[in-house]
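A.B. asks: Quick one: structure below, then a few questions.
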Amino acid sequence: MLLGVNIDHIATVRNARGTTYPSPVEAALVAETHGADLITMHLREDRRHIKDADVFAVKNAIRTRLNLEMALTEEMLENALKVMPEDVCIVPEKRQEITTEGGLDVLAQQEKIAGFTKILTDAGIRVSLFIDADDRQIQAAYDVGAPVVELHTGAYADARSHAEQLKQFERLQNGAHFAGDLGLVVNAGHGLTIHNVTPIAQILAIRELNIGHSLIAQALFLGLPEAVRQMKEAMFRARLLP
């Protein structure tokens, strides 16, 4: 199982004081060195954390893959074609949200998403759609030609009871298997921590987890190398459990 380290909140800390540090590039290189299989960045329309220059700098510096999260807009499409990341994950985006609140509604935007997917694919960029674990959305993702889906784990991560968490886990598990049966590559992410990642990492249909906020939070106390190492180890151990 692969670990994508999202470095958005390195930029959040930097931007809080308008300094040049901490450096997203340095964070990406440290994460790679200590177990990250790819680097994920979300260039939001409001540029609240990652800036355009960060994306180019990280793309040019890293040795692994860059997974660029972006909204379904012409501006972001143009940016992606300039940066040429290995992967683009199309996500929903609202100006006032603190973080991504739900999955992309592929059903409601099939024609536009299909167009973006074709343009990016023709350019050699693999496309992923960040969606809820809903069979209709998964089927729609397949229908528009996206080769990858990333299942939104937020409802699982935010569950306030064991029963609710189990319900959301089963939804993710079923969705991952449905997507896998369609031939889609299945990733997952949002709200995952060292404390809740094990069940998700045990879903064999899921190939990659993208984790950011909790890793950066842990890094405040442990350092980024140890935070990445511990997360990678937790994922690896989960795969070994019966």
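Glycine is no exception: its Cβ is also placed from the backbone N, Cα and C atoms.
Pulled these from Swiss-Prot:
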type     : residues                            : note
BINDING  : Asn6, Arg17, Gly191, Gly212, His213 : 3-amino-2-oxopropyl phosphate binding site
BINDING  : Asp8, His9, Arg44, His49, Thr99     : 1-deoxy-D-xylulose 5-phosphate binding site
ACT_SITE : His42                               : active site, proton acceptor
ACT_SITE : Glu69                               : active site, proton acceptor
SITE     : Glu150                              : site 'Transition state stabilizer'
ACT_SITE : His190                              : active site, proton donor
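Would you situate these features in the structure and describe their surroundings?
C.D. replies: In this structure, Gly191 (3-amino-2-oxopropyl phosphate binding site) belongs to neither helix nor strand by DSSP; it is coil. Under a cutoff of 8 A between CB atoms, and with a sequence separation of 6+ in the same chain, the neighbours of Gly191 (3-amino-2-oxopropyl phosphate binding site) are Thr153, Gly154, Tyr156, Ala157, Asp158, His213, Ser214.
The Cβ neighbour count for Arg44 (1-deoxy-D-xylulose 5-phosphate binding site), using a 10 Å radius and every protein chain shown, is 19.
Secondary structure at His42 (active site, proton acceptor), taken from DSSP and collapsed to helix, strand or coil, is strand.
Look at Glu69 (active site, proton acceptor): DSSP puts it in a strand.
If you take the C-beta of Glu150 (site 'Transition state stabilizer') and look for same-chain residues 6 or more apart in sequence within under 8 angstroms, you find Cys89, Ser128, Leu129, Phe130, Ile131, Val186, Asn187, Ala188, Gly189, Asn210.
His190 (active site, proton donor) counts 26 other C-beta atoms within 10 Å of its own C-beta, drawing on all protein chains shown.
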A.B. asks: Cα-Cα separation of His9 (1-deoxy-D-xylulose 5-phosphate binding site) and Gly212 (3-amino-2-oxopropyl phosphate binding site), in Å?
C.D. replies: 7
A.B. asks: Neighbour count, 10 Å Cβ-Cβ cut-off, for His49 (1-deoxy-D-xylulose 5-phosphate binding site): what number do you get?
C.D. replies: 21
A.B. asks: Which three-state DSSP class does Gly212 (3-amino-2-oxopropyl phosphate binding site) fall into?
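C.D. replies: Going by the DSSP assignment, Gly212 (3-amino-2-oxopropyl phosphate binding site) belongs to neither helix nor strand, so it counts as coil.
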A.B. asks: What's the number of neighbouring CB atoms sitting within 10 A of the CB on Arg17 (3-amino-2-oxopropyl phosphate binding site)?
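C.D. replies: That number is 8.
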A.B. asks: Considering only the recorded positions Asp8, Arg44, His49, Glu69, His190, which fall within 10 Å of Gly212 (3-amino-2-oxopropyl phosphate binding site) when distances are taken between Cα atoms?
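C.D. replies: Hits: Asp8, His190.
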